[in-house]
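Student: Could you have a look at this structure, given as structure tokens, before my questions?
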Amino acid sequence: MKHLLSCDGLSRDTATAVLDTAEALKQTLLGREVRKLPTLRGRTVITMFYENSTRTRVSFEIAGKWMSADVINVSSSGSSVSKGESLRDTALTLAAAGADCVIVRHPASGAAHRLASWLSGTHTSVVNAGDGMHEHPTQALLDAATLRERLGGLDGRRIAIVGDVLHSRVARSNVHLLTTLGAEVVLVAPPTLLPAGVNSWPVTVSHELDAELSAVDAVMMLRVQAERMHGGFFPSAREYSIAYGLSEARLRLLPDHAVVLHPGPMLRGMEIASTVADSPRAAITDQVRNGVHVRMAVLYHLLAGEEEVA
Ligand code: CP
């Protein structure tokens, strides 16, 4: 694997190898006082975030540091991007400075693929940490890791992805990855928050959350992405919450074993009730925890060659 740009086209074997490595790393580090492996000593990882992030940026930084890589964070405001330097020149500069891996988040869909094409003559790997409304592959991998942990596997499982599918790179990556790993996906959203062409996706579509909940193994609530809705959004926040918010009453409709996920950041009270987000049924902090191990596994598969994981 040279780059990780999307879950579209990621094979079942590769995805499973990354998830297995993440699980092995988690077990290796469990209970250790010093969480430091020598695996990526001498490697340089640069995070380049053109959009805000808490979970993804921090967990990539921790992942790199726990594997002994040198990790450098670049943001648009503190770099020469603020003087007008292009994405291409910034990427070529970072590669020339010695980056073994560039992790990029960018508001434009397709930015990570462009970056990888500009760096094709170099040794530098690219990881997509979220590009516009396109994909967020490491989020889908950490979601799959969490579901595997809670449900024991994904083959034949039914997962509802609920809410603002239209603007969600998390939804797109999850549709590709979950179906590759053998799950059935049902998208539950108002018609105004579904993309054109969704009928050609390998999913079923529903507008009625209450009708779906009793038959799913997991429900993945999405963030409503107001920053991508320049003309406001319909339904209103109140209508959305009534029709699609995961309330305590809706939690009771789920089978006992079913898991609640949210990629964060959450809009509590609108997308999900606080009591649901904080309940033992929710795996939201597990998702964050697994995000570190999954991102360690991704860096390992990109950068460690034949070396042992631990
Ligand atoms: N889920 C996710 O991508 O969160 P951040 O925007 O905080 O990285």
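One-based numbering along the chain as shown.
Cβ coordinates come from backbone N, Cα and C, glycine included.
Straight from TrEMBL, here's the annotation block:
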type	residues	note
DOMAIN	2-149	domain 'Aspartate/ornithine carbamoyltransferase carbamoyl-P binding'
BINDING	Arg55, Thr56, Arg105, His136, Gln139, Gly264, Pro265	carbamoyl phosphate binding site
BINDING	Lys83, Arg169, Arg223	L-aspartate binding site
DOMAIN	156-302	domain 'Aspartate/ornithine carbamoyltransferase Asp/Orn-binding'
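Could you tell me the structural context for the features on the list?
Tutor: Using a 10 Å Cβ-Cβ cutoff, Gln139 (carbamoyl phosphate binding site) registers 26 neighbours.
For Arg169 (L-aspartate binding site), other Cβ atoms within 10 Å of its Cβ number 23.
Averaged across the domain 'Aspartate/ornithine carbamoyltransferase Asp/Orn-binding' (156-302), the predicted model reaches a pLDDT of 95.
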Student: Going by C-alpha distance, which of the binding-site residues Lys83, Arg169, Arg223 is nearest to Gly264 (carbamoyl phosphate binding site)?
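Tutor: Closest by Cα: Arg223.
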Student: Could you list, ordered by sequence, which of these binding-site residues: Lys83, Arg105, Arg223, have a Cβ under 6 Å from ligand 1?
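Tutor: From Lys83, Arg105, Arg223, counting a Cβ under 6 Å from ligand 1 as near, there are none.
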Student: Compute the C-alpha separation of His136 (carbamoyl phosphate binding site) from Arg169 (L-aspartate binding site), stating it in Å without decimals.
Tutor: 5
Student: What does the structure give for the C-alpha distance between Gln139 (carbamoyl phosphate binding site) and Arg169 (L-aspartate binding site)? Integer Å is fine.
Tutor: 9
Student: Whole-number Å distance between the CA of Arg105 (carbamoyl phosphate binding site) and the CA of Arg169 (L-aspartate binding site)?
Tutor: 12
Student: Round to the nearest Å and give the CA-to-CA distance linking Arg55 (carbamoyl phosphate binding site) with Arg223 (L-aspartate binding site).
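Tutor: Pair distance, Cα basis, whole Å: 14 Å.
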Student: Hey, what's the Cβ neighbour count for Lys83 (L-aspartate binding site) at 10 Å?
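Tutor: Around the Cβ of Lys83 (L-aspartate binding site), 6 other Cβ atoms lie within 10 Å.
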